[in-house]
Amino acid sequence: MLRVEALTKRYKTGDKALTDVSFDVPSGQVVGLIGPSGAGKSTLIRCVNRLVEPSSGKVFLGDREITRVGRGELRRVRRRIGMIFQEYALVERLTVMENVLSGRLGYVPFWRSFLRRFPQGDVDKAFALLDRVGLSDHVDKRADALSGGQRQRVGIARALEQDPELLLVDEPTASLDPKTSRQIMRLICEICRERGLPAIINIHDVLLAKMFVDRIVGLRAGRIVFDGPPDALDEEALTAIYGSEDWNAMRKEADETAKDAAEAADFEARAQAGAA
Amino acid sequence: MSASAPGASAPAARGRRWKRPPIFIQRGWLRLVVYGGFVLYLALAISTVEVNWSRVAEGMERGWRFVQGFLTPDFTSRSTDIVKGFVESLTMTLTSTVAGVILSIPIGVGAARNIAPLPVYAVCRAIVAVSRSFQEIIIAILFVAMFGFGPFAGFLTLTFATIGFMAKLLAEDIEDIDEGQAEAMRATGASWWQVLNWGIQPQVLPRLVGLSMYRLDINFRESAVIGIVGAGGIGATLNVAMDRYEYDTAAAVLLLIILIVMAAEYSSSWLRKRIQ
């Protein structure tokens, strides 16, 4: 479905973000892309829809070579690729519905988007998606009135509104608490399975990645150093990706942190219910 | 964490002195010379200002007559002139603000480096620079010489000044937007116009409206000033009254200007709060 061949990105400052990266994503596979900060995860997924121009190498979506298309064609390619962002990247002053409908911008002419007169089919789909992500009651709220988890749900609905053939997901949980993180990851992965949608998910939380994805690609300093199923991600592999560290100790600690956080969230919920 | 951690520095000896590092000049003697030289220059400069005390006394006397005029403002004897002047000024203010804002939007968009290509950027920045480098009075003198006395010259002057002011602030606002929102729109396959309408406009619109209200304020005050050099409006009425030594009429005009400016100030700040 997606094929990346010998992708290299060198920024104008001379920093080499990606070196000779190649991999395939078959239909319906959810890939977790892990690696330390600055390993080039964000750059890699942005090279796929050319929000960042790669320096060399090829990217194919189906049999279309994305890295060669012109400006007009690039729009048509981008609308086939949904993207979900770290800080949600919703247009804060627009309503939830407008944010979801913005997923159709690549399909409609300017006058329709300017007058907010989208075809009925697009509006039906948007209502259905908002229902699916559990935001039916917030259609006309402004995006900046929502909580973090709700915003990311709008982000997911926007990406799906595009009818994508591929999802690019950039640190979907980085600004969320542990419990919401799991809910959001679960939602993304469920939707991908429902639709047979392939996805690349950048994620720095290794445990979360292992819990949800089909395959893990590890990036270190712009090179792929691990590629395999989540079970194969052992201490040796983690050391190859992140450098040496006592992984077992960290894992126990992380489990405890997650448990604490879940308990705290429960407690808060109960306290709020009590107050109300 | 703990004091015994390896690499932690030894506890500092007692009595170790600390001084805030100087902000501008690091070398002590140079700092003394530069600051000392500045103070010396200031003292010399003040000592060269010649004050003609008898002329000051005469000025005080005229000032007193002016104050007396103020205490008995005369709204009636020149009422037709005053009304005509205010109607001209207000018309000039409103039309020039609307025209200036409309013209400044494309120029401001073109002058934002993050969305405009370099040649367009250079041209728009040049227009802004020209418009901003001349004070309104100088432009008014030019337009009065070109198009004759009257409010048309004033309208052109204020429009011209509004373009520079609004375009510069709009461009800076666009350059300061949250790029993530525009990037998300681009990722859906949106065209340049759609990115502008969906990703950028919602972020800058409240400030654009607020600045327009502020500029309406400024334009009214400026319309009083440029009338003095012949560009019509209330400034012309005021100028004539001063030339005739009719300080009571001048006082009436000034009082009305103060009232209108205050009304505009309060209503615009109220409106700006509402649209945030």
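One is the number of the first residue shown, and numbering goes on along the chain from there.
Cβ atoms here come from the backbone N, Cα and C positions, even for glycine.
Curation does not apply to TrEMBL; its annotations are automatic.
Residues or ranges marked as transmembrane segment in TrEMBL: B:29-49 (among others). When Cβ-Cβ distances below 8 Å are used as the criterion, the transmembrane segment (B:29-49) is approached by residues 22 of the same chain, each at least six residues removed from its ends.
The domain 'ABC transmembrane type-1' annotation in TrEMBL covers B:86-268.
The feature transmembrane segment is assigned by TrEMBL to B:137-161 (among others). Sequence-remote contacts of a segment are chain residues at least 6 beyond its ends whose Cβ falls under 8 Å from one of its Cβ atoms, and for the transmembrane segment (B:137-161) they are 88-89, 91-93, 95-97, 99-100, 103, 131, 219, 222-223, 225-227, 229-233, 236.
For the transmembrane segment (B:247-266), same-chain residues at least 6 beyond its ends with a Cβ under 8 Å from one of its own Cβ atoms are 65-66, 68-70, 72-75, 77-78, 82, 85-86, 90, 216-217, 220-221, 224, 234, 237-238, 241. According to TrEMBL, the transmembrane segment annotation covers B:247-266 (among others).
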